[in-house]
């Protein structure tokens, strides 16, 4: 009995390992690779089409022309007219300012709050934490009417602060950071406290350095979310000089009419900043999304 | 009967476990100072507007700034009888119904493919997720052009494949029946990457030994997928579906930019109508009542999500 059971156990691992080493591509694997690659290329086509069009002169880009994926006549005309108009750069700067304010404030406020919830006991702690968790279920879009009124009353309408501040409230980030802080062993802090460091000092010099990846994920997601926010800036920034990139492109550039090369140049430049951020931080972003599902 | 008696018996067992037991902390005000800045923001920009909106829904407050007066349940009664509001809710539901299945099924299919084609995994991940980080207006600019009836990329290739008569090109965004589908297709292209990554992450945590055992039993890839992988993805699917429902109920940006609610209000969705009532009709009070209807709908879905999440924690 024992011998019978033993035999396959000792033989199989070796055979399997050998199989793995000399694996030749099967028909199934080839089909999978081809199908996956074809779908991926198909998925990229709209972006490639925008890029290709932006590099054509207006005459070649306009409707009714034959469709060429490679421009017959390479031209930066679209980009040049776009920069002569100037507003694209303004929107890009506005978006950068607003998203930076949102990201920095979110990180500072959420890290402080998460640390407070993770390491201290204080009056009404559970009530406050419960209220913040309940906020996870409140859809921001359903609050636009009273929020707009509030921002008007605070005389922040049409300012960077009016654009940024209402986007800062992110209960989910407090939740994520608190869970991460909870898992950090307290021994590290004890050592720092013995050296005479205060609570804030401990947070900045012990906890924050240990939380690099999670803070990167929170920061990147906040930045992307804020950069791509459309509805709120649409309401608050009615003056073209205060618009963020998505609103400017959607509301003003939509009126460029039939200048397709210019239109697509705007699209390419509009997509570029976050695509670069994505390519640089691909690992953090992928892990961040994965974290949502695995928790 | 037995099930019912079991529940209360189990509950007390969970209660005496104090959350701070392993590390007794002294109760002090210090922690509050750390929490206070966030709590202040939270109270001002989330809690206060939530109640302010509820209050406004009982008034005739206007964007013009004239003094508001209490109108009781008038706004709510009007909302319930407002055909345009019901149409907007219906359109939101239709969009949700059309977009959720492809956003879930395609995400699984792509994740299964990428999970098997790991050598080019980085490229596939990039290709499928890249659209997700592109701002909505860029997405709509590109797709509006692709959808152009004459000279647009889509009709060009449909005609090339013989699927469309060049003399009668499909009017995508301006057709009452096609407009919704067009926005759905664009949305799938734009947001699929997120669900895809959720599934991919779930797939990569499945213990390979599970498959080893199955293949020793002689189960092929199809049977393994149907009987092992898909059941193991059930939780992820629950999460994806609920997140998707919440996102779809909030649809506004793409619709506003691609069809502006047209043609003939065929794609006017809930948030768009709230926007119209509040910012074009100046009726803050009425728009607040409409918001609250949507708010409650999303809240119901969110509670389901919350329960899914907390079950996972347990």
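Cβ coordinates are placed from backbone N, Cα and C, and glycine is handled just like the others.
Note that the coordinates shown come from a computational prediction; the quantities given were computed from them, not determined experimentally.
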Exercise for the section: State the residue range annotated as transmembrane segment by TrEMBL; the candidates are B:179-201, B:202-224, B:225-247. Expected result: B:179-201
Handout entry: The annotated transmembrane segment range in TrEMBL, which must be one of B:61-87, B:88-114
Key = B:88-114
Fill in the blank from the handout: Within the same chain, the residues 6 or more beyond the ends of the transmembrane segment (B:88-114) and with Cβ under 8 Å of it are 121, 124-125, 128, 180-181, 183-184, 187-188, 191-192, 195-196, 198-200, 202-203, 225, 229-230, 233, 237, 240-241, 244-245, 248-249, 251, 255, 266-270, 272-273, 293-294
Problem - Intrachain neighbours beyond the transmembrane segment (B:179-201), with Cβ under 8 angstroms and 6 or more residues off its ends - result: 91, 94-95, 98-99, 102-104, 106-108, 110-111, 114-115, 125, 128-132, 134, 136, 139-140, 143, 147, 172-173, 233, 236, 239-240, 243-244, 247, 251, 254-255, 258-259, 262-263, 266-267
Problem - Cβ contacts under 8 Å made by the transmembrane segment (B:126-146) with residues that lie 6+ beyond its boundaries - result: 110, 114, 152-154, 173, 182, 186, 189-194, 196-197, 253-254, 257-258
